[in-house]
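J.: First, the structure itself, so that you have it in front of you.
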Amino acid sequence: SVGFKAGVKDYKLTYYTPEYETKDTDILAAFRVTPQPGVPPEEAGAAVAAESSTGTWTTVWTDGLTSLDRYKGRCYGLEPVAGEENQYIAYVAYPLDLFEEGSVTNMFTSIVGNVFGFKALRALRLEDLRIPVSYIKTFQGPPHGIQVERDKLNKYGRPLLGCTIKPKLGLSAKNYGRAVYECLRGGLDFTKDDENVNSQPFMRWRDRFLFCAEAIYKAQAETGEIKGHYLNATAGTCEEMIKRAVFARELGAPIVMHDYLTGGFTANTSLAHYCRDNGLLLHIHRAMHAVIDRQKNHGMHFRVLAKALRLSGGDHIHAGTVVGKLEGEREITLGFVDLLRDDFVEKDRSRGIYFTQDWVSLPGVLPVASGGIHVWHMPALTEIFGDDSVLQFGGGTLGHPWGNAPGAVANRVALEACVQARNEGRDLAREGNEIIRQACK
């Protein structure tokens, strides 16, 4: 007589549980599942739940040594996607104990690990995650958050202005610092290292940090405003990254920057902890996000990457523009912008928000609009993003025919004009162009 029946059995017998009541401590996921032809959606949904939690392809002897009921992921809901053939939203609940505390890395290894290569699925996309309060409380989150940043910078009641220094590659450190100075002197709050600028032969990081710090102090002295430059600390190893952050702090720089997807969540969380301990703000760039989030039916939606970043830690994150050169729909973008900034966000499917998310006093992140925007977009941007945002004009500053400083002046003047017009109750959508024309006289 055998102890148990080996062999392959349907996942749905164990992992499809439509009657399950979700717990407040569960991590909930909404997956867009495209099963292979002939695979029923229940089986596909259950397969996702199994493969991203306790399951393997057969019953194993060691299952008897643990409580599956306590540790298994469960597919508790399925709905067909309107307008798509053979696509379903599968809702999966994961018990909290499956995840290491304070580790975005571990959360993703489970939820979006092997399961994405699964044979029974043609494609799989993680659309949203509900992160329970009990798990959020194990994370530090953003080093400082929106309010503390405003207090540090002494800038209130308007979006902040930035500019990426171009040409992104090829300038010497001295000329790079000069461009930084001109932009800050003209009226921007921040300038930015491009995400590709790390420490290349034509400009080593230490030289760049030095000349940028000089530019910041000079511009501060002349304008009486606090200025910053996002010093990109991204590096090939975590140790080197922290070394760069330490040097930035020694120079008295207010903010450093990290590419969180190429750098990885482990490195990012380390840097975020360092930044909080040492009073540095942290600007996050999302290079590589489109590799993960651009396909509609496979990968994961950017709102998930944004939530993960808020847990891992960052004070600014690039979030699309709605109007510039890169893709992004307005309502959907505003959905994850709110997920970054607000304390509590209600479920709202029209904005792509599948779950109500409570952030319980985890600091907020400023969304950064960047990529192909310029001064004529200013009315739309102030209206769409509101005060709590950073508007970044790279070519839209440095492309000014009179040079960098006048480009910076133009952006600052346009911003102040739009904010004032809005505060006076004028309709930015309708009168935007007129407001800008008046301002530039």
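Placed from the backbone N, Cα and C atoms, the Cβ positions cover glycine too.
The N6,N6,N6-trimethyllysine annotation in Swiss-Prot covers K5. The feature substrate binding site is assigned by Swiss-Prot to N114, T164, K168, R286, H318, S370. What Swiss-Prot records for K166, H285 is active site, proton acceptor, and it gives sequence analysis as the kind of evidence. Residues annotated as N6-carboxylysine in Swiss-Prot: K192. According to Swiss-Prot, the feature Mg(2+) binding site maps to K192, D194, E195. Annotation comment: Swiss-Prot describes K325 as site 'Transition state stabilizer'.
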J.: Return the member of T164, K166, K168, R286, S370 nearest to K192 (N6-carboxylysine) in space, with distance defined Cα to Cα and candidates limited to these recorded positions.
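T.: Spatially nearest to K192 (N6-carboxylysine) by Cα position is T164.
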J.: Restricting the comparison to the recorded positions D194, E195, H285, which residue's C-alpha is spatially nearest the C-alpha of T164 (substrate binding site)?
T.: D194
J.: Where the distance is taken from Cα to Cα, which of the recorded positions K166, D194, E195, H285 turns out closest to N114 (substrate binding site)?
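T.: It is H285, whose Cα lies nearest.
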J.: If one measures from the C-alpha of K168 (substrate binding site) to the C-alpha of D194 (Mg(2+) binding site), what distance in angstrom results, rounded to a whole number?
T.: 6
J.: So which recorded positions are near E195 (Mg(2+) binding site), with CA atoms within 10 Å, out of K166, H318, S370?
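T.: Within 10 Å of E195 (Mg(2+) binding site): none of them.
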J.: Hey, how far is S370 (substrate binding site) from K166 (active site, proton acceptor), Cα to Cα, in Å?
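T.: About 13 Å separate the Cα atoms of these two residues.
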J.: Given the substrate binding site residues N114, T164, K168, R286, H318, S370 in the record, what is the largest Cα to Cα distance, rounded to whole Å?
T.: 37
J.: Are there any residues at least 6 positions away along the chain from D194 (Mg(2+) binding site) with a Cβ closer than 8 Å to its Cβ? List them or say none.
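T.: Sequence-distant Cβ neighbours: T164, I165, K166, K168, L169, N232.
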J.: Counting other Cβ atoms within 10 Å of each residue's Cβ, which of the recorded positions K166, R286 comes out lowest?
T.: K166
J.: Same chain, not part of K192, D194, E195: whose C-beta falls within 8 angstroms of the C-beta centre of the Mg(2+) site? Give them in sequence order.
T.: T164, I165, K168, D193, N196, V197, Y230, N232, M257, H285
J.: Can you name the residues of this chain that are 6 or more positions from H318 (substrate binding site) yet have a C-beta less than 8 Å from its C-beta?
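T.: The list for H318 (substrate binding site) reads I284, H285, R286, P367, V368, S370, G371, given in order along the sequence.
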J.: Say we define neighbours as other CB atoms within 10 Å of the CB. Which of the recorded positions K168, K192, H285 has the fewest?
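T.: Fewest other Cβ atoms within 10 Å, among the recorded positions K168, K192, H285, is found for K168.
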J.: So if I draw a 10 Å sphere around the Cβ of S370 (substrate binding site), how many other Cβ atoms end up inside it?
T.: 25
